[in-house]
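Worksheet for the structure shown next.
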Amino acid sequence: MSILIKNAYIATMDKDGTGEIQNGFLLIENNLISQIGDNSNGTADKIAADKGIDKIIDAKGAILMPGLSNTHTHLGMTLLRGYADDMALKDWLEAQIWPAEANLTAEDVYWGSLLGCLEMIRSGTTAFCDMYFFMDETAKAVEKAGIRGCLSYGMIEFGDVEKGNKEIAVNEKLVSDWQGKANGRITTMFGPHAPNTCSQAFIARAKAAAEKAGVGVQIHVLETEAELNYMKENFDMCSVHHLDAVDFWNTSKVPVIAAHCVWMSDGDIRLFAEKGVTVSHNPISNMKLASGIAPIQKMLDAGVSVTLGTDGCASNNTLNMFEEMKTAALLQKVGTMSPTALPAKAVVEMATINGGRVIDKQTGALKVGNKADMILVDTNKANAAPIFDVYSHLVYAAAGSDVKTMIVDGKILMEDYKILVLDEKEVIEKANERAHSLAARAQKC
Ligand SMILES: C[C@H]1O[C@@H](n2cnc3c(N)ncnc32)[C@H](O)[C@@H]1O
Ligand SMILES: [Zn+2]
């Protein structure tokens, strides 16, 4: 299968390469990008005449860019969108979310995950990094929807060794069953939940298991001031140093993603930069739960690789990375009282190349040899006139609903706003049904 995209404004997001191409073309052969370049001399038409191309997309009036990577989700939780709002994290989890999740079934997570995939396709996310339960179901949804997913099982052990053994075994099975499946679109990680819900010994075990399996690890860390205080009271140090004591942040063997990182000290930031930890910044969730403002500009200045995530749909309440990009930029500016903090291009890099490469090294930028994961953003829109700077447009003016076409691993998932891989109506209906049934089981209704 070959796809030739022509007449596009291309934002390659290739940090060492091309940058932007005003009138560009891009050739996809099988699942890889095989050519990319300037089309002002009609190169695309010459390629089409020379080679038999299966599909030609005229992208005039659109921005072609890498698909967005959402590096922190709980996809099955999409069923809990709007289930409990306007609460602080601890209360929200303990009084509302965990009791609801105690009633989850595999079928709930399957339809919740498919709904999440649908929303991600519609709003430009080609890859995501997940931590949840019944992960076989999320894997099946990813397989069907055609996007890219890095899946971990959310392990909560609360210092119970027996429970810890079971949790590790479940995550190990996820890795052995799904790593590399769907032509490599599905990858896996280990997901110890957080330093205040899992013991230090358990988190160290999870890291060792990840290294043994050759997959990454992801964790929530320093999300709230309450976590920081709890760690200081109980261990006389913050979460970052508590885990550094067992060498958790060492990334020489496998990648480590730290979600939230709101309450990081300057020393914690230096340590993450030295160790090569990837941070997943979740500004909307942090604002909604009033967790605080992560020092993202400081992290970037220190050389930390920062990416963007939505968190679960119940604390956001969407999976829309365009909203996340705009919020990230605005929050950092108001948080530092500096309008130069987190400029637009840095935000787009967080959502594309930085996030992409932690999920799959061959994604996140449009360049020859990378996997063909990309989107077309429609600029035939009132909110897209005029465009003086493509990054400014993408962060401050574009909407997730401007995404008109998505290709993942060389396959078209949405073309001209039409979803080709899922029955949209069925997914929405079934997800609604499962959500209301879950709420009834959890005695919410
Ligand atoms: C994997 C586990 O993480 C929970 N979860 C969802 N959102 C957050 C958050 N912002 N912080 C911590 N845990 C969260 C899920 O509800 C699930 O219980
Ligand atoms: Zn989370």
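Yeah, the Cβs are placed from backbone N, Cα and C, and that goes for glycine too.
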Given that TrEMBL records H72, H74, H220 as binding Zn(2+), the matching residue among D301, D311, D360 is D311
Cross-ref TrEMBL: substrate site E101, H193, D311; candidate in list E137, E162, E223, E225 matching that site is E223
CB < 6 Å to ligand 1, subset of binding-site residues H72, H220, D311, seq order -> H220, D311
Smallest number of other CB atoms within 10 Å: among the binding-site residues H72, H74, H193, H220, that is H193
Binding-site residues considered: E101, E223, D311; fewest surrounding Cβ atoms within 10 Å belongs to E101
Quick note, E223 (substrate binding site) and D311 (Zn(2+) binding site): C-alpha atoms separated, nearest Å, by 12
